[in-house]
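**Q** Dropping the structure in here first, questions after.
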Amino acid sequence: MTLYIVRKLAFFLLAVFAASIAIFLLIRGAGGNVAAIILGKDATADAINALAQQYGLDRPMVVQYFDWIGNIFRGDLGRSFRTNEAVTDLVVSRLSISIPLCVSGLLLGLLIAIPAGTYSALNSDKPLGALITILSQVGIAVPVFWAGILLSLLFGVRLGWLPTGGWTNWSADFWGAVRSLVLPIISLGLILGASLTRYVRSAVLDVMNQDYVRTARATGMTRMEALLQVGLRNAALPIATVVGLQIAELIGGTVIIETVFSLPGLSRMILANVAAREVIVVQSTVMLIIIFVMFINLIVDLLYGVLDPRVRLAR
Amino acid sequence: MTLAPAIEVHDLVVGYDALNAVRGVSFTLPRGGRMGLVGESGSGKSMTALALMGLSPTGWHAAGQVLHDGVDLITETDTSFSKRRGRTISMVFQDPMSSLNPVRRVGDQIADVIHRHSKVSRREAMKQALDLMVQMNMPRPEQLARSYPHQISGGQKQRIMIAMALACYPQLIIADEPTTALDVTVQKQVLRLLNAAARDRNTALLMITHDLPVIAAMCDTVAVMYAGRIVEHGPVQEVFRSPRHHYTRGLLDSQPTMDNIALDGSSRLGSIPGMVPPLHNLPTGCAFHPRCAAASEKCRAEMPELGANGAACWHPVKEKAE
């Protein structure tokens, strides 16, 4: 297992390094003169040079790259050209919305998908099993924003139970913040749950047809025991992979739900800064997201090692 | 007093929708008895075995009577049947590669069976599991017990499977082609172990196989299945020396022996013309008649039952003159 961990960690660091070069080259190299872009097309050459000097943009690319990477490791993600705010502060305040949104949405999705997928895999001939399959198809077809709008119409406008949008800070009004997140989390969870249900269903179907489940039954396990003790344990492997991919997709991919519910989350921040040509902000935030995604992949790989001895003990 | 048979099967029918893969199979296997069940693929052997274990695939139905340990297994609920599987009746499957749980250590898998059916502690169950592994001729059992299935060989996996089947001293073990997936050199060892262990425990053995020599070496009686029915049933020596059913005769003739294999290529190895009929299109009368040289009008019209000579045939093969 130690060798496995070391190998996965080394791969993680290597991948982060490669990604940082790719991002730097894409944003700086392909983006043209950064100072000119920031100042707009009416700027004078003198002004452009002054700005370039001020931010060190006139130095060689290699120097700038290592400067940037070095600062990231020190927790300094740079500053916004326009507002001079520290990117770190911007990101942290946005993450205080995005992380609870994503994590709770995913948990809700799993909470729906694991029982629903398992049930429909084992009871496809019963009405409820068929209904689950149909609902999951519908859930996959429904765009998340539409689910969000419908939910906010019902619970926000018609019943008035929850806010239809907006955000108050955690520190200012904790329960207000919670209430603002409920509908986004439910919309995200329902849609995620629908697609995860299909993965769980097919994983359970596949596992329950394996010979070793029959062996478990032949040695005295009831259907339910074989499912819980042997089936789900083995089905956890493919499900972990899918969940890992979903987290990765979620962290920067909740822009639609954030827009529908007017939440100042990370995704909307990136979008706004791309539009505003905030090169440093975009570069650093994207880098952060990539590190996060790769970290999740690392966790999934390690989890795989824990779950599956064939992976852990492979030479 | 005599013990009740290990298993008594009356008119077992196993099928899917209106199609029956097993069409009225009856036999009795006494305590400690050994019976071979042979036949081509698709003759209903494995479906018979799974039905006896109450493990027919989803959607399949089984009817008839299967008496074992004082109950009719056909009418058992899953919960009460579960308390028997692995304890009074157990099964060794064909493919040991895929039949063990890949994420559980093999020693634990044996101990699980013991722990499930007896009141012993986890530690005691593990001790018994190690004992079983020693009986299965597995060297260094402590080390092997900590292995996962992918770390050990096919022969070792099948020994683990046999140990799991034997763990609770069952009255009956059903072995469904237990050596087909193994190397030839390992096959014999595994069979010998299964044989000896079953004998020691006075466990009855229902041996399902294509391999006629294995049946000849291990079993007292043999039943030959064709298209879901037993077409011939009798003591191994009698059936093999002097088969009465033309299908049995064909099976025996298609076995390579030193006599009918010629190295110059002029082999006289027999074969049965035609193929096993599909379930949805079974011939009328005797299901074997389209492939049988001795078939008559009667064979096409009426289905023969097992006769006193042990064969279900209107025109049995003449007894060989000794």
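Even glycines carry a Cβ here, placed using N, Cα and C.
Any TrEMBL annotation is an automated prediction that lacks curation.
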**Q** Which residue range, A:38-64, A:281-307, is the one TrEMBL calls transmembrane segment?
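**A** Based on what TrEMBL states, transmembrane segment spans A:281-307.
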**Q** Taking A:1-20, A:181-200 as the choices, which stretch does TrEMBL tie to transmembrane segment?
**A** A:181-200
**Q** What else in the chain is close to the transmembrane segment (A:181-200), if you only count residues 6 or more beyond its ends and a Cβ gap under 8 Å?
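**A** Distal contacts: 97, 100-102, 104-114, 116-118, 120-121, 132, 135-140, 142, 144, 147-148, 151-152, 155-156, 162-164, 235, 238-239, 242-243, 246, 250, 254, 257-258, 260-261, 263.
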